[in-house]
Amino acid sequence: MSPRIQQLAAVLLAAVVVVAAARDEPAAAKNYQTQWDTVMSILNCKSDSLIPSYICSVISKSRWGWASDDPNDDEYTPPDHPLPAPAAGRRRWPVMTSLNLTKYVDSLPRIAKIRGYGIRHGRPVPIKLTIGMYSKTWQFHRDMPPTPVFVYGQSLQTATFPGPTIVARQGVPLAVEWQNHLPDAHILPWDPKVPTAIPKKGGVPTVVHLHGGAHPPEFDGHAFAWFTRDFAENGSTWTRKTYTYPNVQAPGNLWYHDHALGLTRVSLLAGLLAAYVIEKPELEDPMNLPCGDHDLHLVIADREFYTNGSISIDREWKPEYFGLVITVNGKAWPYLSVQRRRYRLRILNASNARYFNVTLSNGALPFTVIGSDSSYLSRPVTVSNLVLSPAEIFDVIVDFSRLPAAMTEIEMLNTAPYPFPNGPNVTDPNLDGKVMLFKVAGKGKVDDMPDKSKVPEHGVPYASVAALPPPTTTRYIVLYENQTAPGNLYINGLRLEDPVTETPKSGTTELWQVINLTGDNHPLHLHIATFQAIKMTKIEGFQVFKDCMIKNNNTATCNLDQHAVGPVVPVPEEEKTWKNAVKIPPEFMTSVVVAFRLVEANQPYPFDATTEPGFVYHCHILDHEDNAMIRPLKLLP
């Protein structure tokens with residue numbers, strides 16, 4: 001018997017022993033985790049593994065799961081209804097990580113685009129699209145089984161993870177009928193203790209929110225405007241099958257995703273997310289930016305997978321979801337072959353809770369930032385790294401022609417701790433900081449076409465903070481955690497269901513002083529409005545102020561003016577524009593100017609933004625949003 005066969009036999013025997021022991025003693029399964037991890041590390045399911053991939057697949061399906069009471073239950077099946085957390089001593093099945101998936105074996109998918117307008121007599125005209133939500137499987141990695149997902153598409157066959165990018169034209173309305181074709185039960189478990197849309201007749205509630213969109217409230221995707229398959233059942237604020245997006249705002253990058261009450265974190269985790277772009281050729285064409293095949297979306301999202309391919313999430317609500325696999329455009333650690341030329345990369349962090357601090361091979365190439373969220377910058381800004389919160393978008397140019405001739409590979413790396421910013425700065429062996437790889441053509445390779453693009457000298461001159469009408473109101477927005485019931489994360493000590501307290505007048509500007517009493521950085525997102533941070537002030541005597549606020553929930557009583565006197569931290573240059581998500585650091589008061597009007601034209605909305613059901617604002621860490629860092633926002637005439 002050859003040494004390789006002997007080694008293989010020993011590994012297989014070890015796997016059988018560990019699995020059998022764990023199944024015989026579920027309560028003591030944790031004692032076998034180290035042995036199992038060792039076995040799986042050797043098997044590895046990699047192309048260079050000791051054993052062929054098909055044998056590895058068989059072994060990987062033999063691991064213990066939630067220690068099922070059913071001895072015949074050998075496969076994990078996503079629950080058809082919410083289930084309690086596993087009892088003490090029960091184990092999850094081993095998951096896919098950077099240790100058992102080979103990186104850079106799948107090419108980066110090019111996301112399909114849907115044109116959101118028609119052409120008649122050479123001019124763009126409004127059209128109607130029908131886009132559905134479908135249940136299917138998706139291959140996240142060459143060596144993984146297919147994964148059950150929920151995805152957007154114009155048909156089941158064309159639906160993808162992420163969904164198709166809708167390309168709209170500024171000033172041309174787009175009607176979309178959103179259709180729910182999802183099954184009777186969610187593919188992921190959800191926690192019934194969190195306020196959740198629960199239909200009486202079964203089905204998966206969904207509603208689509210255009211993140212960054214300026215539109216009437218009835219088209220906003222309100223959390224209570226959910227509906228189930230074939231519109232069989234709907235929430236209290238549902239009114240229509242078709243949403244109309246006026247696309248009157250400035251050109252830029254948006255995205256659309258599910259927003260049903262209490263299910264946002266699991267439905268986006270399942271795949272209900274996609275990009276949306278508003279174009280304005282007369283403004284953008286003269287900028288001569290990289291276009292066509294050299295203009296790409298990079299939709300980054302972390303996930304955790306069981307080794308049978310299904311997505312893993314705890315059955316009970318947890319403060320943050322962090323996956324051990326980094327996906328870009330629906331592939332785990334993909335690669336992209338590029339020419340030595342400029343590329344435009346529209347980078348969206350679509351993760352539930354993970355922040356990214358990305359570099360290109362630790363600064364080998366810079367990012368030239370031309371836009372953030374749905375707005376261009378007033379001028380390009382060159383940086384060595386980008387910090388992206390969940391839901392944040394950076395529009396950048398990367399010039400691969402600047403690489404040394406001998407350098408033909410460059411990695412996108414992430415160094416952000418998790419939770420951000422105070423998570424441990426210890427390297428997790430299951431997550432090594434890699435995001436994706438760019439394979440750069442050799443110096444002598446002939447480009448497919450000459451690079452005539454450029455980095456523009458100037459961006460877009462939106463109305464500045466000073467040019468807008470002066471703020472009519474100053475509001476104090478306080479972010480709490482565990483103020484009442486354990487686990488709740490509230491804004492101003494209130495829930496979504498509590499009476500509205502933020503009632504700005506449509507067309508006005510306000511100053512929001514956002515105070516973060518938690519240990520996390522929170523990406524603040526306001527529906528309808530665009531906004532920008534102007535400064536961040538350290539809160540001195542933080543614990544004294546926090547204790548007072550938890551007791552009194554009143555900034556005047558707690559002498560905010562005596563505490564918000566610490567060092568002032570400037571806003572990064574690449575974030576100085578009108579945004580849809582602003583980072584709120586812990587122990588700071590962040591001053592945010594909020595424009596309830598169109599900032600490109602510096603005009604009021606050309607539609608009625610005061611109708612029902614109103615809007616919301618919330619933290620865009622999805623686990624926080626669901627429980628319950630979200631509040632109503634009602635514009636007044």
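Positions of Cβ are set from backbone N, Cα and C atoms, glycine also.
The signal peptide annotation in Swiss-Prot covers 1-21.
Residues annotated as N-linked glycosylation site in Swiss-Prot: N100 (among others). The 10 Å shell around the Cβ of N100 (N-linked glycosylation site) contains 23 further Cβ atoms across the protein chains shown.
Annotation source Swiss-Prot lists Cu cation 1 binding site at H209, H525. Annotation for H525 (Cu cation 1 binding site): same-chain Cβ neighbours under 8 Å, separated by at least 6 residues, are H211, A391, N580, A581, Y617, H618, C619, H620. In the three-state DSSP classification, H525 (Cu cation 1 binding site) falls within a strand.
Under the DSSP three-state reduction, H620 (Cu cation 2 binding site) is assigned to coil, being neither helix nor strand. Cβ neighbour count for H620 (Cu cation 2 binding site) (all protein chains, 10 Å cutoff from its Cβ): 25. Feature annotation from Swiss-Prot assigns Cu cation 2 binding site to H211, H257, H620.
The N-linked glycosylation site annotation in Swiss-Prot covers N234 (among others). Around the Cβ of N234 (N-linked glycosylation site), a 10 Å sphere holds 19 further Cβ atoms from the protein chains shown.
Here Swiss-Prot flags N308 (among others) as N-linked glycosylation site.
According to DSSP, N349 (N-linked glycosylation site) is assigned to a strand segment. In sequence order, I300, A301, Y355, F356, L388, S389, P390, A391, E392, I393 are the residues of the chain that are 6 or more apart from N349 (N-linked glycosylation site) and have a CB within less than 8 Å of its CB. The annotation N-linked glycosylation site is assigned in Swiss-Prot to N349 (among others).
Summarising the annotation, Swiss-Prot assigns N-linked glycosylation site to N357 (among others). In three-state terms derived from DSSP, N357 (N-linked glycosylation site) belongs to an extended strand segment. Taking all protein chains in view, 16 other C-beta atoms sit within 10 angstroms of the C-beta of N357 (N-linked glycosylation site).
Marked as N-linked glycosylation site by Swiss-Prot: N425 (among others).
Annotation comment: Swiss-Prot describes N482 (among others) as N-linked glycosylation site, evidence class sequence analysis.
Non-local neighbourhood of N516 (N-linked glycosylation site): L479, H522, I584, P585, P586, E587, F588, M589, T590, each in the same chain, at least six residues away, with C-beta under 8 Å from its C-beta. For the recorded site, N516 (N-linked glycosylation site), the DSSP three-state label reads strand. Annotation comment: Swiss-Prot describes N516 (among others) as N-linked glycosylation site.
Taken from Swiss-Prot, the feature Cu cation 4 binding site applies to H522, C619, H624, M629, supported by similarity to another entry. C619 (Cu cation 4 binding site) has a Cβ environment of 28 other Cβ atoms inside 10 Å.
Annotation source Swiss-Prot lists N-linked glycosylation site at N553 (among others), citing sequence analysis. Summarising the environment of N553 (N-linked glycosylation site), the number of other Cβ atoms within 10 Å of its Cβ, over all protein chains shown, is 16.
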Margin query: Can you tell me the CA-to-CA distance separating N308 (N-linked glycosylation site) and H257 (Cu cation 2 binding site), as a whole number of Å?
Written below: 26
Next item on the list: Can you check which residues sit near M629 (Cu cation 4 binding site), meaning Cβ under 8 Å from its Cβ, same chain, 6 or more apart in sequence, and list them in order?
Entry: L479, L489, Y490, I491, H522, H618, C619, I621
Checklist line | Euclidean distance between Cα atoms of H624 (Cu cation 4 binding site) and N553 (N-linked glycosylation site), Å | finding: 20
Next item on the list: Based on Cα distances to N234 (N-linked glycosylation site), point out the closest of the recorded positions N100, H209, H257.
Entry: H209
Margin query: So if I draw a 10 Å sphere around the Cβ of H624 (Cu cation 4 binding site), how many other Cβ atoms end up inside it?
Written below: 28
Check: Quick one: which residues besides H522, C619, H624, M629 have a Cβ within 8 Å of the Cu cation 4 site's Cβ centroid, in sequence order?
Finding: L479, L489, I491, D520, P523, L524, H618, H620, I621, E625, I630
Note to self: Between N100 (N-linked glycosylation site) and H257 (Cu cation 2 binding site), how many Å separate their Cα atoms?
What the structure shows: 30
Margin query: Quick check: which same-chain residues outside H211, H257, H620 lie with their CB within 8 A of the centre of the Cu cation 2 site CB atoms?
Written below: H209, W255, H259, L268, L273, A391, H525
Checklist line | Nearest of the binding-site residues (H209, H257, H624) to N357 (N-linked glycosylation site) - Cα to Cα | finding: H624
